[in-house]
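**Q** Have a look at the structure that comes next, please.
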Amino acid sequence: MSADAPVWIDEVFEDRVRYGLRGQILWEETSPFQKITIVDTEHYGRGLLLDDCWMTAERCEVCYHEYLVHPPLTTAASIARVLVIGGGDGGTVREVLRYAEVEQVDLVEIDGRVVELSQEYLGAIGTAWADPRLNVKIGDGIAFVQTAPDASYDVILVDGSDPAGPAAGLFNREFYENCRRVLKPGGVFASQAESPDSFLAVHLEMIETLSAVFAEAKPYYGWVPMYPSGWWSWLYASDTPGQFQKPQSDRLAAIEPQVEIYNRDIHQAAFAQPNFVRRGLSARQG
């Protein structure tokens, strides 16, 4: 289904808050997994919603993708082999493939229609689909890591939607344990970790669960204006304590001229943890 008339395109949060942009619906369909909507907004350009939740848009997406990708890729011991779970819009792999050190990226996306429609409509976001280092696999990322060989990836990035529908299994301990097994020594796992304002309980649970699986798990924070509350978070986990604080200078020097937001100062500031998050974690631990 497609339509031309400008409309207000809203994400309704818990039937009490709306986040909306005015624009046109370019395409809408229901795949075997979810409702997919492609829009052209007046403020942020073309974008994607899944099950009526904002995922990305051309003039907003760097706020999300740069934060997910660059803290782990500047700090991992090696970045030769990277696994991306989700990320069918192509923005995450675009950022990963900025690094010359990266030799192979495997993108595992459960919904092939997200990839196809993103390639058709969101070319300004997914600019790296033709990179020969990229392998796109349509399938279940949870099942993929269950059967992946031990120590086969240097970095794992989880670019999933909220913990519902096809992404629900990306938020449990068994999945995190498989990711840890699949990582090489010195490897890094990172995932989007919801809004500490709008989804605090989920955010705290993710930190707690990842902290039980990895030697260290640290949340980091930024802004994504089109997401609920605008305040967003990601989680960095590894078995090397303090690794998150040590971006490699050569990688920083190579990446900073290429990107819009990420730099050394942003990296350090992002890991500052709000007091209410600290208190929430302490309360959960008894």
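Using N, Cα and C of the backbone, Cβ positions are placed for all residues, glycine too.
Below are the features I grabbed from Swiss-Prot:
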type	residues	note
ACT_SITE	Asp159	active site, proton acceptor
BINDING	Gln34, Glu109, Asp140, Gly141, Pro166	S-methyl-5'-thioadenosine binding site
BINDING	His65, Asp89, Asp159, Gly160, Ser161, Asp162	spermidine binding site
DOMAIN	6-239	domain 'PABS'
**Q** Does anything in the same chain, at least 6 positions from Gly141 (S-methyl-5'-thioadenosine binding site), have a Cβ under 8 Å from its Cβ, and if so what?
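**A** In sequence order, Ile85, Gly86, Val108, Glu109, Ile110, Val158, Gly160, Leu170 meet the Cβ cut-off.
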**Q** Just going by other Cβ atoms within 10 Å, which of the binding-site residues Asp89, Asp140 has the emptiest spot?
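**A** It is Asp140 that, of the binding-site residues Asp89, Asp140, has the fewest other Cβ atoms within 10 Å.
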**Q** So, three-state DSSP: helix, strand or coil for Gly141 (S-methyl-5'-thioadenosine binding site)?
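**A** The residue in question, Gly141 (S-methyl-5'-thioadenosine binding site), is helix (DSSP, three-state).
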**Q** Out of the binding-site residues listed (Gln34, His65, Asp140), which are within 10 Å of the residue listed as 'active site, proton acceptor', Cα to Cα?
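**A** Close binding-site residues: His65.
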